[in-house]
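Undergrad: First, the structure itself, so that you have it in front of you.
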Amino acid sequence: MATENWSELKYESGFGNHLSSEALPGALPKDQNSPLICPLGLYAEQVSGTSFTAPRKLNQRSWLYRIKPSVTHEPFIPRVPSQKHLVSEFNQATSSATPTQLRWKPADVPVSPTDFIDGLYTVCGAGSSFLRHGYAIHMYTATKSMEGCAFCNADGDFLIVPQQGRLWITTECGRLQVSPGEIVVLPQGFRFSVNLPDGPSRGYVAEIFGTHFQLPDLGPIGANGLASARDFLTPTAWFERDSYPGYTIVQKFGGELFTARQDFSPFNVVAWHGNYVPYKYDLHKFCPFNTVLFDHGDPSINTVLTAPTDKPGVALLDFVIFPPRWLVAEHTFRPPYYHRNCMSEFMGLIYGAYEAKADGFHPGGASLHSCMTPHGPDTKSYEATIARGENAEPQRIDGTMAFMFESYLIPRVCPWALESPHRDTDYYQCWIGLRSHFSCKERESEDGVGSGEVVTVSE
Ligand SMILES: O=C(O)Cc1cc(O)ccc1O
Ligand SMILES: [Fe+2]
């Protein structure tokens with residue numbers, strides 16, 4: 001592993017573009033995809049991320065020109081040891097339904113050497129990778145780089161949110177450095193390997209089945225704002241040519257892991273072109289829009305990426321952030337309102353503190369408020385907001401980055417997440433202290449009305 005220059009890697013910029021990249025000049029065929037003999041004696045291989053016949057505006061595929069084709073490997077066999085904590089079908093056999101508010105403290109990074117594959121565990125999800133509809137939410141804790149192996153997820157696309165420790169990710173399209181505060185999307189089927197230059201690492205992963213992430217429409221916001229297409233960065237071609245006896249491909253297929261041996265690195269792509277590619281995004285580049293006079297806007301205004309369902313405006317999974325920003329709304333309860341949502345909300349915290357939780361929601365922790373489960377600011381946050389009063393000054397929320405995976409599909413929760421020692425079983429207590437501030441004294445004196453009577457007040 002070359003360690004010196006990951007901070008200076010070159011990337012291509014843009015979202016959904018058709019890109020071309022050559023690690024050696026002349027490696028891309030001119031004028032066609034499948035020449036009889038490719039330049040430099042390379043093999044041509046297409047990776048399709050949508051059906052061949054998907055409408056042009058949705059169609060995603062890339063052509064990889066490689067030293068040996070991916071097919072050159074021994075048969076896939078179930079991996080030993082298997083990984084029991086990955087789920088891609090959410091039903092009664094694999095996971096539980098619960099409407100209760102759930103929260104987890106940050107998980108400890110393991111003491112024994114653990115790589116990204118072994119450190120990955122599913123928390124919750126819905127649907128099925130086999131039926132290509134649904135999602136899984138995973139978290140990872142890891143201490144060591146993947147060695148002599150690459151991971152390939154046949155089930156869906158990964159959106160990885162590192163919370164602690166940089167990730168140096170080698171993909172078939174090239175290499176990316178992803179730091180906490182950045183995210184990376186690794187589309188279904190791409191082989192990748194994760195190195196951990198900082199050692200102990202922790203983070204969150206949203207996996208979506210059967211669709212890909214898009215930028216949200218901006219509607220009346222106009223043509224600019226939120227995440228800008230040019231801030232999405234795709235790696236440039238990079239390859240290693242050495243033979244590599246005993247290299248292992250670890251394929252996640254239906255939530256189970258399979259291995260196949262080959263005698264070369266899968267990172268042997270000398271050139272590629274197409275629009276089906278891995279990419280990263282720095283969340284600090286997000287340009288937030290929000291209330292400038294009164295009331296609290298819905299969090300959808302902070303959507304970075306959305307994975308659609310077939311219903312217009314209804315997301316399989318939205319990736320929403322709560323970045324540093326000014327709160328200026330007048331005569332307004334500025335933190336999130338108390339609410340129940342037909343969508344389900346999984347939240348994580350990358351750093352800092354979240355505006356609705358004064359205590360108990362820590363960087364690396366998580367919460368889940370499922371469909372119609374009531375939630376909102378904890379007692380301390382509520383009281384502090386009220387204490388600021390009617391004429392609260394503009395206030396800058398700083399030094400924080402929280403996020404939400406929000407879905408229309410209702411998640412079931414994995415048993416190890418429910419039984420985890422990191423589960424905060426006292427979570428509900430954070431709202432128990434919310435006192436009634438109800439008073440009808442004014443009305444009583446005006447109207448002479450006592451308690452217990454039904455009163456219709458006409459203004
Ligand atoms: O529940 C949460 O904290 C997320 C959230 C934030 C917000 O500002 C409004 C609604 C919402 O669900
Ligand atoms: Fe919410």
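Any Cβ shown, glycine's included, is placed from N, Cα and C.
All annotation found in TrEMBL is predicted automatically rather than curated by experts.
Copying in the features that TrEMBL gives for the protein in this structure:
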DOMAIN    10-283  domain 'Homogentisate 1,2-dioxygenase N-terminal'
DOMAIN    285-438  domain 'Homogentisate 1,2-dioxygenase C-terminal'
ACT_SITE  H296  active site, proton acceptor
BINDING   H339, E345, H375  Fe cation binding site
BINDING   Y354, H375  homogentisate binding site
Undergrad: Report, in whole Å, the straight Cα-to-Cα distance of Y354 (homogentisate binding site) from H296 (active site, proton acceptor).
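TA: With distance taken Cα to Cα, Y354 (homogentisate binding site) is 16 Å from H296 (active site, proton acceptor).
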Undergrad: Around the Cβ of Y354 (homogentisate binding site), how many other Cβ atoms lie within 10 Å? Please give the count over every shown protein chain.
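TA: I get 26 for this one.
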Undergrad: What is the one among the recorded positions H296, H339, H375 whose Cβ has the most other Cβ atoms less than or equal to 10 Å away?
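TA: Highest number of other Cβ atoms within 10 Å: H375.
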Undergrad: Test of understanding: give the count of other CB atoms lying within 10 angstroms of the CB of E345 (Fe cation binding site).
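TA: So the number of other Cβ atoms within 10 Å of E345 (Fe cation binding site) is 21.
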Undergrad: Whole-number Å only: compute the distance from the Cα of E345 (Fe cation binding site) to the Cα of Y354 (homogentisate binding site).
TA: 15
Undergrad: Within 8 Å of the Cβ centroid of the Fe cation site residues H339, E345, H375, which other residues of the same chain have their Cβ?
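TA: In sequence order, the nearby non-listed residues are P336, R340, N341, H369, T373, P374, G376.
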Undergrad: Which recorded positions from the list H296, E345, Y354 come close to ligand 2, meaning a Cβ under 6 Å from one of its atoms?
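TA: Among H296, E345, Y354, near ligand 2: E345.
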Undergrad: Going by DSSP, is Y354 (homogentisate binding site) part of a helix, a strand, or coil?
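TA: DSSP assigns Y354 (homogentisate binding site) to coil.
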Undergrad: I'm checking region-level scores; what's the whole-number mean pLDDT for the domain 'Homogentisate 1,2-dioxygenase C-terminal' (285-438)?
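TA: It averages 98.
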Undergrad: List the Cα distance (Å, whole number) between H339 (Fe cation binding site) and Y354 (homogentisate binding site).
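TA: Cα to Cα, H339 (Fe cation binding site) and Y354 (homogentisate binding site) are separated by 17 Å.
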